[in-house]
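Student: According to Swiss-Prot, the protein has these features:
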- SER11, PHE12, HIS19, GLY90, LEU91, ARG92, GLU100, TYR125, SER126, PHE127, ILE128, SER129, SER130, SER131: ATP binding site (BINDING)
- SER11, LYS43, LEU75, ARG89: substrate binding site (BINDING)
- HIS19: site 'Transition state stabilizer' (SITE)
Amino acid sequence: MSKTRAVIPGSFDPITYGHLDIIERSADRFDEIHVCVLKNSSKGGTFDSEERMTLIEESVKHLPNIQVHHFNGLLVDFCDQVGAKTIIRGLRAVSDFEYELRLTSMNKKLNSNIETMYMMTSANYSFISSSIVKEVAAYQADISPFVPPHVERALKKKFNV
């Protein structure tokens, strides 16, 4: 029987407990999870791709079936490259769905063999976004409930806090 593989894409700038919630729950459902750091042309980055990958790798080291990559191209091409037929997308709120539906429709047009699976973020993480975490960190407030300790340290270093 062939391995089941899925891709979890995102900018992960930085990874949060909300991201980890989706990754950990997905790791129980697939043989391999490929976390893919994508460059979002509409977002400026705080961390470069290598830094993001390092933060993710540290965050998922307890999960043996996770591989972390970065990719500068179409997500469906990355899926083909790693042999994944499923894209996993986390939803925090209903407001995320409209954007995600457009992405899913485009991916389906580009590669009809790829399916997208949506997972609702656990309620206690549904308000967390990387952007909000960075904003709070810049004001030197406590971000420990939102990100792993090593991510908190990296953000403090970035913001000279």
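The first residue you see is number 1, and the count goes up from there.
Just so you know, glycine gets a Cβ as well, placed from its N, Cα and C.
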Student: DSSP on GLU100 (ATP binding site), three-state: which is it?
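Tutor: Where GLU100 (ATP binding site) sits, the three-state DSSP reduction gives helix.
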Student: Once near-sequence residues are set aside, which residues in the chain of GLU100 (ATP binding site), 6 or more away, have Cβ atoms under 8 Å from its Cβ?
Tutor: ARG89, LEU91, THR116, TYR118
Student: Count the other Cβ atoms sitting within 10 Å of the Cβ of SER126 (ATP binding site), across every protein chain shown.
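Tutor: If we count other Cβ atoms within 10 Å of SER126 (ATP binding site), we arrive at 16.
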Student: So how many other Cβ atoms are close to SER130 (ATP binding site), meaning within 10 Å of its Cβ?
Tutor: 24
Student: Just how spread out is the ATP site if you go by the largest Cα to Cα distance in Å among SER11, PHE12, HIS19, GLY90, LEU91, ARG92, GLU100, TYR125, SER126, PHE127, ILE128, SER129, SER130, SER131?
Tutor: 18
Student: Counting Cβ neighbours within 10 Å across all chains shown, tell me which of the binding-site residues HIS19, ARG89 comes out on top.
Tutor: HIS19
Student: Where does SER130 (ATP binding site) sit in the DSSP three-state scheme?
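Tutor: In the DSSP reduction, SER130 (ATP binding site) maps to helix.
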Student: Using a 10 Å cut-off, grab the number of neighbouring Cβ atoms around the Cβ of LEU75 (substrate binding site), all chains included.
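Tutor: For LEU75 (substrate binding site), the count of other Cβ atoms within 10 Å is 21.
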Student: In the structure shown, with every protein chain counted, which of the binding-site residues LEU91, ILE128 has the densest set of Cβ atoms within 10 angstroms of its Cβ?
Tutor: ILE128
